[in-house]
Amino acid sequence: MFQKGGLGVPEKKDICSLTYEELVREMEAAGEKKFRAGQICQWLHVKLADSFGEMTNLSVALREKLSRDYEIARVDLVERQISKADPTEKFLFELADGNMVESVLMKYDYGNSVCISSQAGCRMGCRFCASTIGGLKRNLKTSEMLRQVYQIQKITGERVSNIVVMGTGEPLDNYDNFVRFVRMISAPEGLHISQRNITASTCGIVPGIYRLADEGLQITLALSLHAGTQEKRKSLMPVANTYELKDVLAACDAYFEKTGRRITFEYSLVKGVNDTDEDVEDLTRIAGHRNCHINLIPVNPVRERSYQRPSRQNALKFQNKLEKNGINVTIRRERGSDIDGACGQLRRRYADAGKE
Ligand code: SAH
């Protein structure tokens, strides 16, 4: 079971990525009572412990054994930014190997929503996105996704009720760890967040969408559409060279049929690129006959990119034209514009500082 670490030292197991059932098996194999798994699970996923030392209802011997064989994945706060503009906070976390990830807390009337990262960096290359600039560093472990939420809950004292997987990274490019994250964060032994309150956003990895449709989950799928034709989409999103728009849409239809969950299409509005009347027509052809929702995101200008957002008035006009065509469409309320709002910008600032 043990993977060998450097110098022949056995690597410790990542305990926070283990489900309750797996932990039961681990405890049984170690000659411990089954109920210990329940206690450990509660410390890790309900009381949100950062160390085995805190687990005071376990014997000292068991705590020592746990710290010898297992580790609690490190997700350490480096910076917390609190927006003055709206109830939004941004967090930069450092992982055990020095990689940085960012997460956002958004407080709404209906509850608190946390946006997590699924990878350190990203290899999808979307032209307007800051997260992809340094490429993919590595996939996040399930524990590292969970503990972004846990740390935010601990730091702020706020209960989290909604999750969006829309931070850095492509969740379907880290498929197994992402699906395990969904199962664990919604499990009764953990934070027990309803799957209906979880949204995952994908750039459109077709086999991943079909696979996800068969997992028996109840999460909302958001597709980053960003263009109404294959040609235009290709110019904004390199992933469209691998998965064509018509195939992505067919996969979304299958997701809806299997899960009954209405698809959200995200559309980052870029001035002069995808905000014309022709784009309204192209989008209407896609969304007009589907049970879906379009979320318009005026593009967040990224320092390294030249894209600009349309004026507020033009974004509203774009929305109105779609509405007239019978489409369910909203403009995403801007959050945290004063705190490195755009995806990956806080993390980028640190990457840049490292180079200087
Ligand atoms: N990899 C996933 C999720 C991460 S990004 C995906 O592609 O969907 C979450 C959303 O923010 C995506 O729709 C993405 O295209 C969008 N996005 C990224 N950078 C942006 C920017 N600078 N302005 C507006 N939206 C952006």
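Numbers run from 1 along the shown chain.
Placed from the backbone N, Cα and C atoms, the Cβ positions cover glycine too.
What TrEMBL records for Glu102 is active site, proton acceptor. Residues or ranges marked as domain 'Radical SAM core' in TrEMBL: 108-338. Among the features that TrEMBL reports, [4Fe-4S] cluster binding site is placed at Cys122, Cys126, Cys129. The feature S-adenosyl-L-methionine binding site is assigned by TrEMBL to Gly169, Glu170, Ser201, Ser224, Leu225, His226, Asn300. Residues annotated as active site, S-methylcysteine intermediate in TrEMBL: Cys343.
Cα of Glu170 (S-adenosyl-L-methionine binding site) to Cα of Cys129 ([4Fe-4S] cluster binding site): a distance of 12 Å. His226 (S-adenosyl-L-methionine binding site) sits 10 Å from Cys126 ([4Fe-4S] cluster binding site), taking the C-alpha atoms as the reference points. Considering only the binding-site residues Cys122, Cys129, Gly169, Leu225, the residue listed as 'active site, proton acceptor' has Gly169 as its nearest partner by CA-CA distance. Highlighted here are the recorded positions (Glu102, Ser201, Leu225) whose C-beta falls below 6 Å from ligand 1: Ser201, in sequence order. Here the Cα atom of Gly169 (S-adenosyl-L-methionine binding site) is found 5 Å from that of Cys122 ([4Fe-4S] cluster binding site). Between the CA atoms of Leu225 (S-adenosyl-L-methionine binding site) and Cys129 ([4Fe-4S] cluster binding site) there is a gap of 14 Å. For the recorded site, the residue listed as 'active site, proton acceptor', the DSSP three-state label reads strand. Summarised as a single figure, the pLDDT of the domain 'Radical SAM core' (108-338) averages 96. Separation of the C-alpha atoms of Asn300 (S-adenosyl-L-methionine binding site) and Cys122 ([4Fe-4S] cluster binding site): 18 Å, rounded to the nearest whole number.
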